[in-house]
Each structure stands twice: as C-alpha cells, then as structure tokens.
Amino acid sequence: MCDSPATTGKPTILFIADPCETSATLNSKAFKEKFRILRYQLDTKEAFLNFLERHEQDKICAIYAGFPAFKKIGGMTRSIIEHKSFPRKNLKCIVLCSRGYDGWDLDTLRKHEIRLYNYQDDENEKLIDDLKLHQVGNDVADCALWHILEGFRKFSYYQKLSRETGNTLTARAKAAEKSGFAFGHELGNMFAESPRGKKCLILGLGSIGKQVAYKLQYGLGMEIHYCKRSEDCTMSQNESWKFHLLDETIYAKLYQFHAIVVTLPGTPQTEHLINRKFLEHCNPGLILVNLGRGKILDLRAVSDALVTGRINHLGLDVFNKEPEIDEKIRSSDRLTSITPHLGSATKDVFEQSCELALTRILRVVSGEAASDEHFSRVV
C-alpha cells in the first residue's frame, strides 16, 4: 500500500493515485534525484490520517491526487487539512489531473498557503515536449458530438434493435412502431433529423465549450449560439457565434434552439439552472446534453420533460448522484444516451495530465510557479 519511512533528506511527493508510469518527467534522472516518491492507496479517512502520522518525518512537499483525488474519503476537508498529522509545514501544493475540483475546502487551503492546481492545457508548458494544446477540450467535445448525433439520429437505439432482430427491415419497422416498409426516419411519434442548419445553444464558453462549438459548427453544420455572463468578442467576431447573456433574459430566447449543450461548472449559482421554468421556455422536442456537473439539472423537471416530449433526447456524461446513475435515465434507451463520465478519458489526456501535474510540482518546489499559475492554479 505504501513505502517505508524515509531514509534520506530529500523532499517527498505523495502519490494517492497512479501516475502514467511511462511519464518522461517521472522517469527523468533529475526528478528521481530531486524527490523521494511515496505511494498510498486511499481507503478511509482514519487510515489516511494514520498513514500520515507514521510518515510525519517525511518532508511531504507535494501530493499527486490524479483524477479521483480524495472523493473516496469525503474530499479534502478542513478536518483533514488541520489535523495534527497533515503535513502543513512542508506541503507546498496538491496537483490534480482533472479539470473539476469538487470537494475541496479552498478557504482552508488558502489559509495554510497550500496551492491547488488543476488540469489546464490552454497555454504552452515549456518543460513538456510536444504538448497538445486544448487536448481535453477536444476530447470532451468528441463526447458532446456523439450525444448530439444520438439525439438527432438515434443510432444507438437503431443498433440495439438491429442486434435484437437481426434484420434491417424489421429493426426499422420496430422503431417506427408500424408494419410494412419503414424508411428509418420514424421512431414512434419522433423523427430522425439532420443536425445541419439547426441552432445549438452552448451554456458556458470556456475551453471545452469552444471546442464543442467548433465541432458542432464545422462537423455537423450547426448554427452556434453561446450563453455566459460576458461576451467573448473574439469568438463572436471571428466565428460569428451569437452571444446571449446568462441571466433572466435568456428564458425568452430558448424557444429557438433545437439543442442545448451544458459545459458550465458546478457552482451554487448553476445548481438546478436547468429547472422546470427553464424547460417550459424551450422548444418542444429539445435535445439536451450535459457535460458540466450533474446538479446543474433538476432531475425531476428533466424526467417530467422527457415524459411530456418537451425533451426528445437527453445526453449525459455527468450525473446528479454520481457515481450512481438514476434508474429512469438508464432504462429509457430510446430517449437517452449515457456515458460514465468519460468525456476526457483518452490515453492522450491521461498521459498529458500526468506530465502537466508533475511539472507543476517541479515549478512550485523550485519557486518558478509565478509565471504560469494564472492558467492552472485554483488557490
């Protein structure tokens, strides 16, 4: 589970998640000479604190939290950070491989001057050769593209019927809920439609939202609108994307959109943003895709909208009570598409996120972080 106590005076990096073992940084001579590596598999909060107590003599200068971070033990809370065994004296930073940072007591980290870094690849990192800019946004956008296509064309539902029937004619007729020849465009009282020329509203236009917009515009031929608290003039001018302010005025504009993609972060302000009032203003037959956080959707209101036809398709990569997936969502395979929070789950992102996290540690410990902390430092 863990290494033995330190026998050298080198600063220690605690890994609570497995890094990419082939990482160039991890395996570099400079990294190995500079740091001692300590590994621990999280189990319970009490076991973790006991582990830290046994390693109080180690100079833990950084924690590599990877993707799962401290979710298994209830997050990085004040009670952990201010526990007598927590290495506040030497700990300079905690690094994540994910964009999200739910479950962190940011105020307490700030109080004790412990930096938290998340994954960002929107600017170059000179310590990494061949960094792929916007990789995570690109890969999450692929997920959005699939869910949007599912909404318009229902390919997975047709695939299911094809496997069940073993006959192309029967599969199409079963989808149409009629006997005789079926062209394939009918699904009961719904139709498979082309996304070309349809209007899509993207809620949030950060690095992920922008990549979603590019793929939907240039890949599917959709007309892009975006909604946030302030206009991105560069995108509005260069790409002719139409801006809408994220406030009460958005309700009167929702009727025009065939699809809405949520890429907003989970905050108190965005919780249940997609509620009954929001959906009542939407065009019947809406395709709704959520890549942000599960709690942005009021699940009861969304479920009711699926029943009434206000929503024709719901695509989810994040869920309200994650890791659990609501039974109603799972069982409605004709009206929903679901992926298990894997929008960014590619080999490319896994490897690059590790390199970026390790270079953050190198920069912070060496005192060089100030030049680039504006694009990946949380606190």
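Quick reminder: no glycine exception, Cβ is built from N, Cα and C everywhere.
The active site annotation in Swiss-Prot covers Arg293, Glu322 and is backed by similarity to another entry. Swiss-Prot lists His341 with the feature active site, proton donor. Taken from Swiss-Prot, the feature NAD(+) binding site applies to Ser207, Ile208, Leu291, Gly292, Arg293, Asp317, His341, Leu342, Gly343, Ser344, supported by similarity to another entry.
Neighbours of Gly343 (NAD(+) binding site), defined as other CB atoms within 10 A of its CB across all chains, total 24. The Cβ neighbour count for Glu322 (active site), using a 10 Å radius and every protein chain shown, is 14. Summarising the environment of His341 (active site, proton donor), the number of other Cβ atoms within 10 Å of its Cβ, over all protein chains shown, is 18.
For Leu291 (NAD(+) binding site) paired with Glu322 (active site), the C-alpha to C-alpha distance reads 13 Å. In this structure the alpha carbons, written CA, of Arg293 (active site) and Glu322 (active site) are 10 Å apart. The two recorded residues His341 (active site, proton donor) and Glu322 (active site) have their Cα atoms spaced 9 Å from each other.
Considering only the residues assigned to NAD(+) binding, Ser207, Ile208, Leu291, Gly292, Arg293, Asp317, His341, Leu342, Gly343, Ser344, the longest pairwise Cα distance works out to 18 Å.
In this structure the C-alpha atoms belonging to Gly343 (NAD(+) binding site) and Glu322 (active site) are separated by 15 Å. Taking Cβ-Cβ distances under 8 Å and a sequence separation of 6 or more, the neighbours of Ser207 (NAD(+) binding site) in its chain are Gln120, Asp122, His134, Val136, Gly137. Using a 10 Å Cβ-Cβ cutoff, Leu291 (NAD(+) binding site) registers 28 neighbours. In the three-state DSSP classification, Ser207 (NAD(+) binding site) falls within a helix.
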